[in-house]
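Per TrEMBL, the features are as follows:
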DOMAIN    1-100  domain 'WH1'
REGION    104-163  region 'Disordered'
COMPBIAS  128-137  compositional bias 'Polar residues'
COMPBIAS  145-163  compositional bias 'Polar residues'
COILED    191-322  coiled coil
Amino acid sequence: AHVFQIDPNTKKNWVPTSKHAVTVSYFYDSTRNVYRIISLDGSKAIINSTITPNMTFTKTSQKFGQWADSRANTVYGLGFSSEHHLSKFAEKFQEFKEAARLAKEKSQEKMELTSTPSQESAGGDLQSPLTPESINGTDDERTPDVTQNSEPRPEPTQNALPFSHSSAISKHWEAELATLKGNNAKLTAALLESTANVKQWKQQLAAYQEEAERLHKRVTELECVSSQANAVHSHKTELNQTIQELEETLKVKEEEIERLKQEIDNARELQEQRDSLTQKLQEVEIRNKDLEGQLSDLEQRLEKSQNEQEAFRNNLKTLLEILDGKIFELTELRDNLAKLLERS
């Protein structure tokens, strides 16, 4: 596949990292018990992405797909030669993503088995769902997705349309492009506002996580120190209710983030439509230039033909004048001969 990375400055355009199609492989790192996506261009590693359970591989077209890597702080894009290769890569991505999730769960189980009994009891009752991986995963999915068409642009057709018809088509596409530019500006403003809201919600999620951890430690201290079982149980119940409220708030925020993701996907589709119309407008402009050249050539030919016809008419007039003179001379000669005949 052809490898791309998102432009770190604009976060909108793709920057190619390989000059030609390269091999993209899945790799299991046994020392760290993680799965990676590796791609080399010669001796240079252009992709070294660790697969996490929260990653998502998105198909943005029939031959192009992308995923966000928060650890590398970038978005990778792959342009395949066929839709079959893209589907096969997506299936393997989902397979190794599930394997990464299972590996993570196993490592968490090992950590729980090595913990102290008091920590196990407290963790069993008040296990907070807010983990750093989940926050990073949410941030991964919020990364703006921008695609570009990796297909070569088709050459303009040789069957040129009439000049007036192509001008009407050009005006139509210009109007369509202006409308899409206006919509794109509105969507860009909405995306900026959504990004600011997402950052604020991320800070709130971090604060909720810190509050849950603090409450978790507080429950552990109460269970170890307090000798009054009833009081500890009542405090524990209140803290559990607080954690449940925080979890409900987190679910609401996650639903809001999902809605923002859908808006970003819609904006990406409009961006693709705008790029397609821009390409078509460029093709129409090229056709118009060809038609203008053909029209200029026809005008020159017409002018030359008119000049030749004018010269031909002048020659005919000259011949007619000469013919009229000859006819007049023949008429006089006939009259003279008739007179001579009468006299004789």
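Glycine residues also receive a Cβ, built from the backbone N, Cα and C atoms like all the rest.
Per-residue confidence over the coiled coil (191-322) averages out at a pLDDT of 86.
Break the domain 'WH1' (1-100) down by DSSP state and the numbers are 18 helix, 43 strand, 39 coil.
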